[in-house]
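Structure first, commentary second.
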Amino acid sequence: MSDNVETELLLEISDLKTHFRTPRGTVRAVDGVSLSLERGKALGIVGESGSGKTILSRSIMGLLPRSGVIREGSVKFRGQEILGKSTKEMQSVWGREMAMIFQDPMTSLNPVMKVGRQIAEPLMLHLGMNKVEARQTAEKLLRDVRIPEATRRLDQYPHELSGGMRQRVMIAIALACGPTLLFADEPTTALDVTVQAQILELINEQRRDRNMSLILVTHDLGVVAGFTDEIAVMYGGKLVEKAPTKVLFERMKMPYTEALLESIPRLDQPSHSRLAVIPGRPPDLVNPPRGCRFAPRCAYVRDRCLTEEPQLTVAESPDHVYACHYPVGSPEYHERRVELSKASTAVGGSN
Amino acid sequence: MRFWLQRVAMAVLLLLSVSALTFGAMNILGDPLFNILGPVAGDVNNPDSVKLIEKAKSEFDLDEPLVVRYGLWLSDFVRGDMGVQFSSDGQPPVSDLIKERLPRTATLVLLAQLMAIAIAIPWALATASRAGRLSDRISTMNTFFLVAMPNFALAIILKFVLSIKLGWMPLTYVANDPLSSRLWQMVLPALTIALPVAAVFQRLLRTDLITTLQQDFILMARAKGLSRRRVLFRHALRPSLFSFITVVGLNTGALIGGSIVVETIFRIPGIGSSLVESVLREDFPVVLAIVMIVAVAFVLINLLVDILYSIIDPRVRR
């Protein structure tokens, strides 16, 4: 996060929409999202499953099914519009400029291809290396992601490696051609807790070393806290709050963000205490609610929330935006908060 | 190693039971003496006939118990002697008949199988990557057409169009022609067998490819920037080949049986036509020999399929 290099706007997304045509109707998976990202910075995209965060990241990259997808708005990468580009044109960007680390290392590596070959593939394709060079580079990459006995690993198949090791291989593949933008879609969800931190550390360290930008997609606010410069919270295909990481944790505005944070188990809670959950389910993106999309599940909901959709508003600091009529800290919020705590003690007392 | 020993033991056991069943069935359900001599076998009051009966009985060991006869047949068979034909005055010996005819059928079936595979794989790749689109639907219709069409009808159509109307292909098989022209004469019959088989293989591989194409590692391969063609050939094809090669293996046995019609229409004197003739004449040694050849071919091919599994997928290596 050194600022000695002048900041370069790497990615600029405005009003990006990604809809899927299905027999049930049009699913508005991403519904008008605007974001920007500077070179070398890390952005966290946070939300529950079904919030559109994964589709958003794939839509930015252009990695979507061939048919039945409507993609509108603008995605500018290094000043160039890439939204309308064909798959063929994008193939020189994928793996070369933008790379993605997928969620499940168990299923995201080809089971019948040696690890070395899988790493060498993009090297030979994009950087024009021959087999020998690609193999040497692959070995070096395996060392970079701290896989022991790298030479031997090259000739192993994915099933011979552990989950954490496979995720390291995936990172090596993603890093192979030195991309400027790295997507990590829930990179640690499928891994042991002990390995999670190591993998995140590794991604973060490689990002710093290579001056890459990172988009870290996760459902876990705790994960993004230590590894991002900025956080975007998604709900129902929309951006509902965005702020620099520190600001967000100090002064979050959306009750949804707050609920997400409260749903993380904490060590300072007494053991066996009930985990806070957000009741209800994510909205149906074929027929989204008319007002605020979170309103039906929000503890602070009022009539206005159900009819009038809140627009993104700038908070105290200009780089903090949120979409809520009665944000955390507003008088209406406090009023409801008092009522809620009374109600919960009443329920608690009867237990 | 232990696995392969078990496989070989199983194969031997299988061949033994096939031969025992066939041998037993033919001897119990039929009457070998009648099949050798015809009506003479029942004419026990005529001394001339009795002489013939005695001669046949001693020549074919018909007085021995069934088990002993089976043992005698088996020990001859493993030494390459398949006995004497009942019909045609016993000439030529069954081994020579098979030796003459088997290469023709083997070539036909092998050629057909190679053609079917060569047609099915690109066809499946093309349709799977465009699943649900117009070209895929048209292809599906063609598949059903090919599968539903009886073999002889397809043979006649192909022969009429390609040989008679267009004159591109030879009309029939000529056993005395040099090898190269005989191979060329085999192409059309092999294609007749291959087309419906290719259609079935294609359906199967297409389905498996569609499943594979939804896997995470395919998305990962796309995200590397690989071209669509490379993703299909390098990443999707190999993991999709399992049921394909299984069916290719199982199908080879059926093809030998299925070659009968095609051999007849294109006048190829192979073992398919021998089988029909010998069954009709109840010429047991010939039937038994052909059944055994089909069984051996079947067992060997499926052993080969097992080896192929472990080549295709490192996870099943032992």
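Counting begins at 1 with the first residue displayed.
From the backbone N, Cα and C atoms, a Cβ is placed for every residue, glycine too.
Residues or ranges marked as domain 'ABC transmembrane type-1' by TrEMBL: B:102-305.
The feature transmembrane segment is assigned by TrEMBL to B:106-126 (among others).
Marked as transmembrane segment by TrEMBL: B:138-162 (among others).
Nonlocal intrachain contacts for the transmembrane segment (B:182-201), taken as residues 6+ away from its ends with a CB within less than 8 angstroms of a stretch CB, comprise 107-109, 111-113, 115-117, 119-120, 123-124, 142-143, 146-147, 149, 151, 154-155, 158-159, 162-163, 169-170, 172-175, 244, 247-248, 251, 255, 258-259, 262-263, 265-266, 268. Annotation comment: TrEMBL describes B:182-201 (among others) as transmembrane segment.
Counting same-chain residues at least six beyond the ends of the transmembrane segment (B:241-266), those with a Cβ under 8 angstroms from any Cβ of the stretch are 104-105, 108-109, 112-113, 116-117, 120, 151-152, 155-156, 159, 172-173, 185, 188-189, 192-193, 197, 200-201, 204-205, 208, 272-273, 275-276, 294-295, 297-298, 301-302, 304-305, 308-309, 312-313. Here TrEMBL flags B:241-266 (among others) as transmembrane segment.
Sequence-distant contacts of the transmembrane segment (B:286-312), counting only residues of its own chain at least 6 positions beyond either end whose CB sits under 8 Å from a CB of the stretch, comprise 7-8, 11, 14-15, 18-19, 22-23, 26, 73, 77, 82-83, 85-86, 94-95, 97-98, 102, 238-239, 241-242, 245-246, 248-250, 252-253, 256-257, 271, 274-275, 277-279, 318. Feature annotation from TrEMBL assigns transmembrane segment to B:286-312 (among others).
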Which bits of the chain, at least 6 residues beyond where the transmembrane segment (B:138-162) starts or stops, bring a Cβ under 8 A of a Cβ in it?
123, 126-127, 168-169, 171, 188-189, 191-193, 195-196, 198-200, 202-203, 258, 261-262, 265-266
